[in-house]
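Trainee: Pulled these features from Swiss-Prot for this protein:
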- 348: active site, proton acceptor (ACT_SITE)
- 10-13, 24, 77, 82-83, 105-107, 143, 157, 172, 229, 318, 336, 351, 362: UDP-N-acetyl-alpha-D-glucosamine binding site (BINDING)
- 107, 229: Mg(2+) binding site (BINDING)
- 365, 371, 372, 390, 408, 425: acetyl-CoA binding site (BINDING)
- 1-231: region 'Pyrophosphorylase' (REGION)
- 232-252: region 'Linker' (REGION)
- 253-453: region 'N-acetyltransferase' (REGION)
């Protein structure tokens, strides 16, 4: 579509029903502020210019809305005098002369580009106003879209509707597109002669028709038009978002054994033929390649799992974790800023932080990379095909050469050459009969305490 477009996103509400110390549009859905989801939808509709109408937490909202490729102009709404007044807070941006003006809301994070594109197409086809509506089997409380001969003749609010009009199930979402060349003139004609003394954007339908303009409506899925005002509604939106994204991934070839227990982030990438077991949580920045297996109760954030690698169960991958092809991070392991080479194994009860592990190496149970001295982080480097015995502590900075062996229970503080065996533990001593003496002494002490009372 060659037409220019400005999206006006209304995000200046006081968010009183959210009962929060911050604006509701800053609350996350799938690990991302809901306002950013709205900007992403706008960008997907081919719109690169946004007038963001802000009020509460203006700077934070503008920052959260910033995504690559979209120019954001923040417009402060000092008073809350209705939706029509809110759009006019972006007067200067609108006056720049766009073909289309698209009005949407910062608290509707499930919207996608489809209805937005359809509304813009309606303008291209000659409409002056295009309202986005949705069909619902629960229309009570919504304004009804009344259509005749293909044109929208009115938006009838519930309190003003006749019994016949209340049977209409096509409802107003609040989103609309406006002919950019006529937008300012139409918006400035909105009056406030109503009980609340506010300026309502919906009045544009009547105004445009009174001037001989054409007004139409397009449809959107009800779920996409779900707004968020309370914590309960936020939970519903999160559920809807997760269900939609899980379904998309499964259709793309990802296996989820119990999808309702898997939680994704806005940018989670999972390749074809990956297997995700129950109760897995993906934080932002997780990339799972094809054929990888994520076992149950794992948490992955800011990490990359390569083809054929396995994670978990009960594993945690933190930012900077990078697992090579066919590698393994097993149960009760944590990896942070660590690269696990191809085919390397970190099977259980291990912490790998600020480390590089070469291909084919084996890290025994209970191994710890001691990467922090209380002030600075240091790196541990383990070569290829090395063997780290169980319950070893590798005190960084330290390098273990290719093919080296570390004996179980060792504390390694110095570099170990390739193919060397390193032992860093006290020599075992055996004292025959000593256990019996110790046991007798302990029992005597216990009896003496009991006798005293």
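Quick reminder: no glycine exception, Cβ is built from N, Cα and C everywhere.
Small disclaimer: the values here were computed from a predicted structure and weren't measured.
Quick one: where do these features end up spatially?
Mentor: Annotation note: residue 348 (active site, proton acceptor) sits in a strand segment as assigned by DSSP.
Applying an 8 A CB threshold to same-chain residues 6+ apart, the list for residue 362 (UDP-N-acetyl-alpha-D-glucosamine binding site) reads 344, 345, 347, 386, 387, 388. Look at residue 362 (UDP-N-acetyl-alpha-D-glucosamine binding site): DSSP puts it in a strand.
Residue 107 (Mg(2+) binding site) falls outside any helix or strand according to DSSP and counts as coil.
For residue 365 (acetyl-CoA binding site), the number of other Cβ atoms no farther than 10 Å from its own Cβ, over all displayed protein chains, is 19.
In this model, the region 'Linker' (232-252) carries an average pLDDT of 98.
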Trainee: Report, in whole Å, the straight Cα-to-Cα distance of residue 13 (UDP-N-acetyl-alpha-D-glucosamine binding site) from residue 371 (acetyl-CoA binding site).
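Mentor: Taking the Cα atoms only, residue 371 (acetyl-CoA binding site) lies 46 Å from residue 13 (UDP-N-acetyl-alpha-D-glucosamine binding site).
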Trainee: What's the number of neighbouring CB atoms sitting within 10 A of the CB on residue 390 (acetyl-CoA binding site)?
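Mentor: Neighbour count, Cβ to Cβ under the 10 Å cut-off: 18.
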Trainee: Between 107, 157, which of the binding-site residues has the fewest other CB atoms within 10 angstroms in the structure shown?
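Mentor: Per-residue Cβ counts within 10 Å for the binding-site residues 107, 157 bottom out at 157.
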Trainee: Please report the Cα separation of residue 425 (acetyl-CoA binding site) and residue 82 (UDP-N-acetyl-alpha-D-glucosamine binding site) in Å, rounded to an integer.
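Mentor: Distance (Cα to Cα, whole Å): 74 Å.
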Trainee: If you draw a 10 Å sphere on the Cβ of residue 318 (UDP-N-acetyl-alpha-D-glucosamine binding site), how many other Cβ atoms land inside?
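Mentor: Excluding its own Cβ, residue 318 (UDP-N-acetyl-alpha-D-glucosamine binding site) sees 18 Cβ atoms within 10 Å.
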Trainee: Can you tell me how many other Cβ atoms are located within 10 Å of the Cβ belonging to residue 425 (acetyl-CoA binding site)?
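Mentor: Neighbour count, Cβ to Cβ under the 10 Å cut-off: 13.
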Trainee: When the Cα-Cα distance from residue 106 (UDP-N-acetyl-alpha-D-glucosamine binding site) is computed for each of the recorded positions 348, 365, 372, 390, which gives the smallest value?
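Mentor: Minimum Cα distance from residue 106 (UDP-N-acetyl-alpha-D-glucosamine binding site) across 348, 365, 372, 390 lands on 372.
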Trainee: Counting each residue once, how many in the region 'Linker' (232-252) are helix, strand and coil under DSSP?
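Mentor: Split by secondary structure, the region 'Linker' (232-252) comes out as 20 helix, 0 strand, 1 coil.
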